[in-house]
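J.: Sharing the features that TrEMBL gives for it:
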{"type": "DOMAIN", "residues": "11-86", "note": "domain 'Membrane-bound transcription factor site-1 protease-like N-terminal'"}
{"type": "DOMAIN", "residues": "164-419", "note": "domain 'Peptidase S8/S53'"}
{"type": "ACT_SITE", "residues": "ASP173", "note": "active site, charge relay system"}
{"type": "ACT_SITE", "residues": "HIS204", "note": "active site, charge relay system"}
{"type": "ACT_SITE", "residues": "SER369", "note": "active site, charge relay system"}
{"type": "DOMAIN", "residues": "440-571", "note": "domain 'MBTPS1 third'"}
{"type": "DOMAIN", "residues": "572-838", "note": "domain 'MBTPS1 fourth'"}
{"type": "REGION", "residues": "833-853", "note": "region 'Disordered'"}
{"type": "TRANSMEM", "residues": "957-977", "note": "transmembrane segment"}
{"type": "REGION", "residues": "980-1013", "note": "region 'Disordered'"}
{"type": "COMPBIAS", "residues": "980-992", "note": "compositional bias 'Basic residues'"}
Amino acid sequence: MLIILSPPFPEYIVAFNGYFTAKARSHFISSALKNSEAVDWRIVPRENPASDFPSDFEVVQIRQAPRHSLLTLEDHPYIKRVTPQRKVFRTLKYTPDRDNHTRWTQKWQSWQSSRPLRRTSLSLASGFWHATGRHSSRRLLRAIPRHVAQILQADVLWQMGHTGSGVKVAVFDTGLSEKHPHFKNVKERTNWTNEKTLDDGLGHGTFVAGVIASMRECQGFAPDSELHIFRVFTNNQVSYTSWFLDAFNYAILKKIDVLNLSIGGPDFMDHPFVDKVWELTANRVIMVSAIGNDGPLYGTLNNPADQMDVIGVGGIDFEDNIARFSSRGMTTWELPGGYGRVKPDIVTYGSGVRGSGMKEGCRSLSGTSVASPVVAGAVTLLVSTVLNRELVNPASMKQALIASARRLPGVNMFEQGHGKLDLIRAYQILNSYKPQASLSPSYIDLTECPYMWPYCSQPIYYGGMPTIVNVTILNGMGVTGRIVDKPIWQPYLPQNGDHIDVAVSYSPVLWPWAGYLAVSISVAKKAASWEGVAQGHVMVTVASPSGNDSEVGGEMTSTVKLPVKVKIVATPPRSKRVLWDQYHNLRYPPGYFPRDNLRMKNDPLDWNGDHIHTNFRDMYQHLRSMGYFVEVLGAPITCFDASQYGTLMMVDSEEEYFPEEITKLRRDIDKGLSLIVFSDWYNTSVMRKVKFYDENTRQWWMPDTGGANVPALNDLISVWGMAFSDGLFEGDFTMADHDMYYASGCSIAKFPEDGIVIAKTLKDQGLEVLKQETAVVEGVPILGLYQTPSEGGGRIALYGDSNCIDDSHRQKDCFWLLDALLQYTSYSMTPPSLTHSKSRVAPPTVTDHPLPERLEGNHLYRYSKVLEAHLGDPKPRPLPACPHLSWSKPQPLNETAPSNLWKHQKLLSIDMDKVVLPNIRNYKPQVRPLSPGESGAWDIPGGIMPGRYNQEVGQTIPMFAFLGAMVVLSFFVVQLTKSKSKPKRRKPRVKRPTYLQQQQQQQLSPAGKSPAV
C-alpha cells in the first residue's frame, strides 16, 4: 500500500529564463520575495553531479504561499514559471485489490493516501512490478522473457563491424551495479536521488541497460556503446521532478546521443518536465520513451512518449500481436476543440523479453518499458553505422524508423503507429538519408480500414462537422523551421477532388524538430446528394536555416505531398444523425476531476478525454453498426445547426454552460431536436470525503466537480421541470430482461408528471462513503423519458449513470438501452419494455430534499472554458465566437490520382531495394518455439536465439542443411591445409566483437556445449 509522508513545507520549482549560477538564482528569488507575504522560505540544497554547473531552476520551500506570493515570483523578469514540485512514490509490494466487495473503508484509505500524478515505471513482470494504478503519476513502465537483438537481426550489423561504438546512451532508471559481468563500457554512473548508492536495488534499471548494451548471455543491441547510468528512482520507487530536471541538464552537458526513458504518466501539463524534454531534444538528444501500459483502453498514452519530438514505443508479442497492456492513442492534448495525433510512433517486442538480471544471469520481463530499450538499443546501434553524425538527429532518426517500419495487418494506427521496428530497413534508409521534411501519417485515406480507424469507420457528407486529421510534420533539416507561404490544396478533377473542401492550420514555428498540420475536410455543397470517392493532395514546403556556415542567412527547403482520399455519401436523414457534445467534457490534467465510478480506488482520475474514439470507443462502434452517423461538437452549443441532427448526446459533462447555450438548447428542442443525458454522481459531502493529501504541493486536494457537473446540468434542463439529485447509488438490477449495474450514479429528483420514469432498488453508496454504513433504498428513479409539449418538439431522456457505456470500468454494458433511447428520441417510438415495465413509477414532481448545489470554494473556474474568476462567485466569460475555418483555394489538377496511397515513405526517392548490405549475406538465426510446459528460462547457445522466428525475414535453415554445410566446409579446409603447392594467403575478414568470436568457437567445438544462463 502507499503511505503518506508529511513534509514540513510545500516545495515549488522556480524556473528561470536561462542558466544562472547558484548565487544569481538566490539573488533573483530573494529580490522577488522581499516584499511578499511568503514567510519561512528557503532554497532546497541539491547535492548531485549537476550542482557545480549553472542551472535554469531552483527548488524553494515556502511555509505559507498565498497565491499572490507565487504570482509575485513569476513577475520577476528572470523567472519564467513557478510550479509545484511533484513527488513519485511507489512501493513494490502493493497489489491492486480486485475484489469489489471489500469494505469501503479499506479502499478509501488507499485512495486517500496518494495523488496519482506521478512518473512511474512501465514494466510488467512478476509480482515484482505491480503498479499502484494506471495513472498513478509517472511510473517505471513494466519490464517480462525473450531475447530480441538477433531476432531483429542486430548481428547482421555486428558482422559489418557496427556495435554501437562511439555512441553515448543514457539510461534513466534505478541504477546499475558497479561490476556487473554483462557490461564492459559503463562510462559513468550518477545518483540523482536522496539515497547514498549507485547500485540497482530493484533490477529494472539493470534489465533496461542489458537490453541496450549487454555483451554476453542475453546480448544487447549495442555492446560497445558508452553507457551513462542515471539513477533517478530510489529503491522505494520515489522520484521528484527536480531530480529529473537536474539529470536532464547533466545529460545535455555530457552531450548524450540517445536517452531511454521507461517511465510515463498522464500529466502532459507538468510544465517543467515537458519543457525540459523539449530542451533535451533541441540539443540533439534522441529520446526514446515507453508509450504506457494502460491498454487496451484508448486515449491512454503516457507522457513524454506522446510528445512529437520523442520516439514513443508500443509493445507487441512474438506472434506480432499488439500487447494487451500497450497503451492506445489518440493523444488528448488537443481536446475538446481539435483531434489527437497518431501515437505510438512504432511498436516492437515487449512481451516475454530476456534481459540482464540484477547481479548476473538473465531474466524475463514484459511491458512497454521493455519495448522502449529495444528501440533505444536499435537506435544506438543505428547511430554507430552513420559516418556523418551531423545527419543524425531526433527527427531524422524517427523518419528512418517510421519509414522502414513494417505494418501489422488488421491493426489500426492508434495501436501500432507506423508498424513494427525493422532494424535492417532502417539501416538502409538512414545510410542513404538526406535532410528533409516528412509527415506522420504520410497520407490520409478515409476509405482504408482498419488501419485508418476511426476515420475509415464513417463516410463524410455535406453538412456534417468537418473531419479533422492531425498530422505531425517532422523536420530533419534542423531543430527549427517554418512553413513557407501556405499549404496548397490540389484536387484531382478526374477523381472528383472538387467535391471536397479543405482547410489547413499549422504550427507557426516547427520546434523542436516537429510541428503540427491540422487538416479539416468537408464536403462541398454540390455533392450534397452525391456518392463516391474524392481525391486530392496538400502540398507543404518547409524551410530551415542552413547548417552550412558559408551560407549566411541561407535556408534549406523540402516540399512534401499529403495525399487525401475520402468516401462521400449523400447527407443522411436527420433521424440518423447523432451529435456528441465534447465541448463540455473536462478531464485530468489540469484539475482534479474524479472518476465516475467511486469503486475504482486505483484509477481515481478521469483522464481519457471522454471522446467517442477513446473511452467511449465501443459505444461509437455500436452506434455505427446500428446505422447511426455520429459527429463530435468541439464548440459551444450555439455553434451548430440543430435542424441537421436528430439527437444531441451529453455524457458525463463536467463543464458549465453559457447562458446563451441554455437559451439556444431550449429553442432547438422546441423545434424538434432531442436530447439524451447520461449523468453521474455529484454530492458535496462525498466530494469533501474524497479529497486526498497531495504529496507534491503538501496540500489537500478537493475535487472541482463530481463524476458529472449535476448543478450545471440541472440549470440546463430546469425549464422542463427536470432535475437530478445529489443521491449516490450503486447496485445490480434487471431492466427489460437485461442485467444491469449502476455504478456510482445519481437519481432523478424532479420530472414532468406526464413523463415515463423507471425506478429500481439500489444501495446508498453515499452513506457507505460517508459513514461506512450499508442501506438499501427502494424505488430510486434512474431513467426518465419525456415528450416536450410544443408542436413538433423534441424528446428528452435522462439516465443517472454513464459507466455502462464507458470503456474505462464498464462491468455490464447498456448499449441496448442506448438503442431504445435513440429509437425514442429519433423516431418517437416509445419502448414497450419500458412503458409497460413493472418498475415504472409516478414521476417525482416535487422534492423535499434540496437540489445539489455547487461546492463552495471549488476551483473549477481555473480550468473552465466558461467561467472566469470574479470577486465573490465566478461568473461566465463572454461567449466565444464559433470556430471559423478558412477554406483553401483549390488549385485543380487534371490528372489521375495514385491508386494506392500506402507506400513506405521513400525519403528523397530512395529505392530501398537497391540499398544492399555490403558483403553480408542475409543472416537467418535458427530458433525454436517454446514447447507446452517448457520454462522460459532457457540456456542460450551462442548465436541460437529462442522464440518464434519472424517469417518476414525468411525461412529458418533446417538443421540437416546446416550440418551438411559444415561437413562440406570441413572437407575444403582439410584440402587447403594439405596443399603444399600454393602459398597460404589469409583472407580479409570483417572485424567482429570478441564475444561473437567466442560464440562461433563454441558452435564449432566438438563438445557442442554452450554456457548456461
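Every residue, even glycine, has its Cβ placed from backbone N, Cα and C.
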J.: The domain 'MBTPS1 third' (440-571): mean pLDDT?
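T.: In the predicted model, the domain 'MBTPS1 third' (440-571) has a mean pLDDT of 94.
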J.: Do any residues of this chain, six or more beyond the ends of the region 'Disordered' (833-853), have a C-beta under 8 angstroms from a C-beta of it, and if so which?
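T.: Same-chain residues near the region 'Disordered' (833-853) but 6 or more away: 682-684, 710-711, 714, 721, 723-726, 735-737, 748-760, 779, 781, 783-785, 820.
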J.: Express the distance between the Cα positions of ASP173 (active site, charge relay system) and HIS204 (active site, charge relay system) as a whole number of Å.
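T.: Checking the Cα atoms of ASP173 (active site, charge relay system) and HIS204 (active site, charge relay system) gives a distance of 7 Å.
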J.: In angstrom units, rounded to an integer, how far apart are the Cα atoms of SER369 (active site, charge relay system) and HIS204 (active site, charge relay system)?
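T.: Rounded to the nearest whole number, the Cα-Cα distance is 9 Å.
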